[in-house]
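Below: the structure, in structure tokens.
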Amino acid sequence: MNETESEMQARLLAKALPFMQRYENKTIVVKYGGHAMGNPELGKAFASDIALLKQSGVNPIVVHGGGPQIGAMLSKMGIESKFEGGLRVTDQKTVEIVEMVLAGSINKEIVALINQTGEWAIGLCGKDGNMVFAEKARKTVKDPDSNIERVLDLGFVGEVVEVDRTLLDLLARSEMIPVIAPVAPGRDGATYNINADTFAGAIAGALNATRLLFLTDVPGVLDKNGQLIKELSVAEAHALIADGTISGGMIPKVETCIDAIKAGVQGVVILNGKTAHSVLLEIFTEHGVGTLIVP
């Protein structure tokens, strides 16, 4: 006997129930970025996922990036993007545009998408409620010929040094869903642009989040045969970096996951944001859809 659509939906909901109970009143931080941010249909699916998490008793927090949009705005305004060691140099004029794009444009677009589901999202950045303080990032690069390290001056690129969870705890007790842009003040009064992955990791660590999800353009961590690795311990992740299985741009992503776990996150997942409803598939199904990294 063929299953009707209603029967299938009921069966799927019944299967999801244990996971809804597992994550009830738990904090899940989702770093939203990559291809999904530029696709309207994926954006709507993401917003509905976040709304359903909230309706299921989860405390979701969204942190977002916006590198391509920043680059596009700088180009539109005739400002050349400069890079040092593969990292964007952010001068005073650039950081003002970064804040405008991240906190004033992208942030509000995500808030609007979530609000269209009937939930209440609120747009924030690190400046709000003194939530996050940063300091100038100290990055070095090694010269391939001389093997000598030199310090990069990236301008107003920052690193998180302090997270005050007071505002986020207050919002967790409300009906609000925080959507946070990775811009924060320094004790020196400057405004800093912060890598969205590390910003999300710092937020999740300060909240001892049950899960931190990184939405990317890849399925997760792959083995040498190109197959998805479903779960890794921190020690196993270090070993895969050492033997070259984890390479290229996946190295800093995994290192950020490890840092978040050391900061207090119970588990970090790298998953494909190009898959519709990937957040729900990860949280409310038995095996998930990405790579889970645990202590």
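Glycine is no exception: its Cβ is also placed from the backbone N, Cα and C atoms.
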Per Swiss-Prot, GLY66, GLY67, ASN193 bind substrate; matching candidate in ARG88, ARG150, ARG165: ARG88
Cα distance (Å, whole number) from GLY66 (substrate binding site) to LYS253 (site 'Transition state stabilizer'): 16
Per-residue Cβ crowding (10 Å cut-off), top of recorded positions LYS31, ARG88: LYS31
GLY66 (substrate binding site) - helix vs strand vs coil (DSSP): coil
Cβ-centroid neighbours of substrate site GLY66, GLY67, ARG88, ASN193, 8 Å, sequence order: GLY65, ILE70, GLY71, THR90, VAL98, LEU102, ALA196
All-chain count of other Cβ atoms within 10 Å of GLY67 (substrate binding site): 17
